[in-house]
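Engineer: My questions all concern the structure below.
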Amino acid sequence: MNSIEFTLLARRTQNSVISTTSNDLSNWSRLSSLWPLLYGTSCCFIEFASLIGSRFDFDRYGLVPRSSPRQADLILTAGTVTMKMAPSLVRLYEQMPEPKYVIAMGACTITGGMFSTDSYSTVRGVDKLIPVDVYLPGCPPKPEAIIDAITKLRKKISREIYEDRIRSQEENRCFTTNHKFHVGPSMHTGNYDPGLLYQLPSTSEIASETFFKYKSSVSAHELVN
């Protein structure tokens, strides 16, 4: 409709009123005030610390780091996650209020990185523990890449429906932390054999809660998950 047909008062009223939905208003307020819980365990977190300076100035995105998970709606995992850390990470995630989001930063967080081939204590991807919204690969990712990941998360928040988000998180709370260990042949024989890296275990599984109980009895073997 042509604005000339309206009177001056009507045009002023039209320009001063914003029509929207409660869902869009909620999304706008949440994407403009993301409060992250920083879970840095390795060198990737040093790159995130660069964002605090004036060069990148992450305050312009409304990011306010919090020390308590009950005050955060975003957890940013950066670095290697071991099985000993897994229960603590899941507990922190569960203490965050809904809706909540996760950014997995760095190769070690996403796949286990260089520790994924021969380490028995490294989690092969944090998405085995908690649902991840944005994956940020790199070793380590640059600060510009972190800003891009935050921008993608903001776009995701702006398009989502609040009821669907709550329903999805109730159905997919988190993944199990009961890792299973397999007893395999020792690789420390002095001879390099790449086939051992991909050899399937032929013995029975050892549950994680009994690992330390039987650690001395399987010290001559390698444990791989």
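Each residue, glycine too, has its Cβ placed from N, Cα and C.
Grabbed the feature section from Swiss-Prot, which reads as follows:
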- CYS43, CYS44, CYS108, CYS139: [4Fe-4S] cluster binding site (BINDING)
Engineer: Taking CYS43, CYS44, CYS139 as the binding-site residues to compare, which has the smallest set of other Cβ atoms within 10 Å?
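Structural biologist: Taking CYS43, CYS44, CYS139 as the binding-site residues, the minimal 10 Å Cβ count falls on CYS139.
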Engineer: From the centroid of the CB atoms of CYS43, CYS44, CYS108, CYS139, the recorded [4Fe-4S] cluster site, which same-chain residues not already listed sit within 8 A by their CB, in sequence order?
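Structural biologist: Nearby residues not in the site list: SER42, ALA78, GLY79, THR80, GLY106, ALA107, THR109, GLY113, GLY138, PRO140.
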Engineer: What is the number of other Cβ atoms found within 10 Å of the Cβ of CYS108 ([4Fe-4S] cluster binding site)?
Structural biologist: 27
